[in-house]
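These features come from TrEMBL:
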- 34-477: domain 'Major facilitator superfamily (MFS) profile' (DOMAIN)
- 30-47: transmembrane segment (TRANSMEM)
- 82-103: transmembrane segment (TRANSMEM)
- 115-136: transmembrane segment (TRANSMEM)
- 142-162: transmembrane segment (TRANSMEM)
- 174-192: transmembrane segment (TRANSMEM)
- 204-226: transmembrane segment (TRANSMEM)
- 291-312: transmembrane segment (TRANSMEM)
- 327-349: transmembrane segment (TRANSMEM)
- 356-378: transmembrane segment (TRANSMEM)
- 384-411: transmembrane segment (TRANSMEM)
- 423-447: transmembrane segment (TRANSMEM)
- 453-473: transmembrane segment (TRANSMEM)
Amino acid sequence: MPKQYVDEYEPLLIKGIKDKRRLQLPNKSLLLAMFAACVGGTFQYGYNVSVINAPTMYVQNFINLTWMQRYQTNISQDGLTLLWSTIVSMFTLGGLIGASIGGTLSVKLGRKGTLLANNTFSLMAALLMGLSSTAGSFELLIIGRLLSGINAGIALCVQPLYLGEIAPTALRGAMGMGTSVFITGGILTGQVMGLKEILGKEEYWPILLSTTCIPAALQLLILPWFPESPRYLLIDKGDEEACKKALRQLHGLVDCDGALEDIEKERSNLVGVHAKKPWELFSDRSLRWQLLTIILLNAAQQLNGINAIYFYADYVFRQSGIPMDKIPYATVGTGACECITALTCGLLIESLGRKVLIMGGYVLMSICCVFFTLTLTFQGYSPVFPYLSMVCVFAFILSFGLGPGGVTNILTTELFMQTARPAAFTIAGSVNWLSFFFISLVFPFIVIGLQQYCFLVFLAVCSLVATYIFFCIPETKNKTFVEIQNEFQSSKNKLSRSDGAGTILLSTSI
């Protein structure tokens with residue numbers, strides 16, 4: 001090659017290499033913004049899911065004592081079970097309420113504004129639960145858990161929305177995994193805080209339940225220093241200067257121009273289109289496949305057997321010879337396992353893609369269901385089988401964290417444009433919480449009726465979802481929101497074509 005061409009193109013090549021490296025490593029401000037959003041968001045969801053398990057017996061003793069002081073008689077076992085179930089299930093009801101209002105709040109207050117305002121529910125919950133013992137009122141626990149649930153429902157709706165909109169296209173998957181990483185981190189932290197060496201003693205349970213105020217306070221201190229979602233600022237508010245300022249802070253001076261161009265392209269496609277309501281998505285034929293996909297994936301996230309695995313974990317640990325007083329430490333091991341897997345998924349998602357990870361996760365979970373059913377069936381035949389069951393428990397958790405646990409929220413972000421995204425998260429969150437409530441209600445009866453064969457039901461769910469993903473979900477890695485939308489529009493016609501015999505043809509390109 002002539003020297004003049006080398007001299008001419010060498011700076012461009014060097015610039016291209018530097019730009020590529022920049023895309024591989026996120027801006028420090030972007031990482032801090034992700035931390036600020038997640039620590040007071042989905043981290044609290046994971047924390048409140050797990051922290052209630054450790055003081056179960058202590059809270060039940062408190063209910064019994066309070067009942068005795070009020071009515072001079074012991075509460076019946078059925079009454080105690082009902083009150084405890086109410087305390088636990090209020091979190092699910094609150095989550096459904098939060099999910100149903102999260103999308104609307106994110107449009108009215110902005111993504112960042114909603115996350116900050118959401119901490120009000122967390123702080124009120126911490127105050128009520130912390131004072132419940134002193135006040136001698138288990139009703140405060142019920143209200144506190146309801147408020148914690150509302151906080152979690154809004155966070156699960158708005159936080160992935162915020163992360164997906166502040167992230168560069170090349171890092172959107174890795175940034176979106178922050179949701180899953182912080183959920184599992186919250187679960188693990190709740191398990192550790194509940195150990196007797198920390199706050200797991202009887203006299204500390206009100207303090208343990210009120211520690212949910214700590215991540216809320218952290219978010220209120222850190223998140224105000226970071227900008228609102230640039231897409232929200234430009235597309236929803238029309239504030240171009242604020243959008244540019246936010247992009248410069250989050251992406252740096254070099255990469256902000258390209259990000260601004262992508263946002264402007266999306267805005268040009270949405271001229272005259274208002275923010276959609278959840279019910280409007282059901283009547284929009286252009287979004288039919290995207291909507292079906294997020295409904296299926298969010299339902300499957302709760303119905304795939306992960307809750308059953310945790311239900312059986314204690315039994316498997318006991319059968320393996322682990323002493324009762326050491327089982328909480330083994331449970332912490334399952335939390336650590338899921339957390340590590342979520343981190344691994346975050347590292348792999350931009351190289352392997354979303355489709356491979358989520359489909360591979362469901363395939364591996366299907367295999368684990370088969371082996372777990374077999375090992376539970378033959379528990380009494382050999383001392384080896386309890387240990388094989390333990391392997392299946394950890395393998396299932398690893399498989400869940402590798403794909404379904406983290407990728408589901410990312411796809412909800414990526415499959416919709418700006419005006420439909422908040423409504424999509426409202427629908428996805430509502431389906432997720434309803435499925436959580438459904439499996440909590442029905443699962444005990446499934447176990448009674450089918451015993452260890454209940455995992456054959458979850459085998460069917462995982463297999464069907466893996467098949468749907470293979471045929472019907474496109475790869476979204478390194479694609480802009482406009483490109484993903486265009487791919488769905490073009491492939492929608494392929495799905496509806498039929499051959500000469502009138503059979504529907506499914507194209508794997510979708």
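Backbone N, Cα and C atoms are what each Cβ position is placed from, and that goes for glycine too.
In TrEMBL, annotation is done automatically, which means it is predicted and not curated.
These numbers come from a predicted model, not from an experiment.
As a whole-number mean, the pLDDT of the domain 'Major facilitator superfamily (MFS) profile' (34-477) in this prediction is 91. Within the chain, the transmembrane segment (30-47) has long-range Cβ neighbours (under 8 A, six or more residues past its boundaries) at 112, 115, 118-119, 122, 148, 151-152, 155-156, 158-159, 162-163, 166-167, 171, 175, 178-190, 211-212, 215-216, 218-220, 222-223, 225-227, 250-251. Taking residue pairs at least 6 apart in sequence, the transmembrane segment (291-312) and the transmembrane segment (115-136) share fewer than three C-beta contacts under 8 angstroms. Counted over residue pairs separated by six or more positions, the transmembrane segment (327-349) shares at least 3 Cβ pairs under 8 angstroms with the transmembrane segment (174-192), which defines the two as touching. A Cβ distance under 8 Å defines the sequence-distant neighbours of the transmembrane segment (204-226), meaning residues of its chain 6+ beyond its ends; these are 29, 32-33, 35-37, 39-41, 43-44, 47-48, 51-52, 54-55, 58-59, 62, 112, 115-116, 119, 122-123, 125-127, 129-134, 141, 144, 148, 151, 186, 193-194, 249-250.
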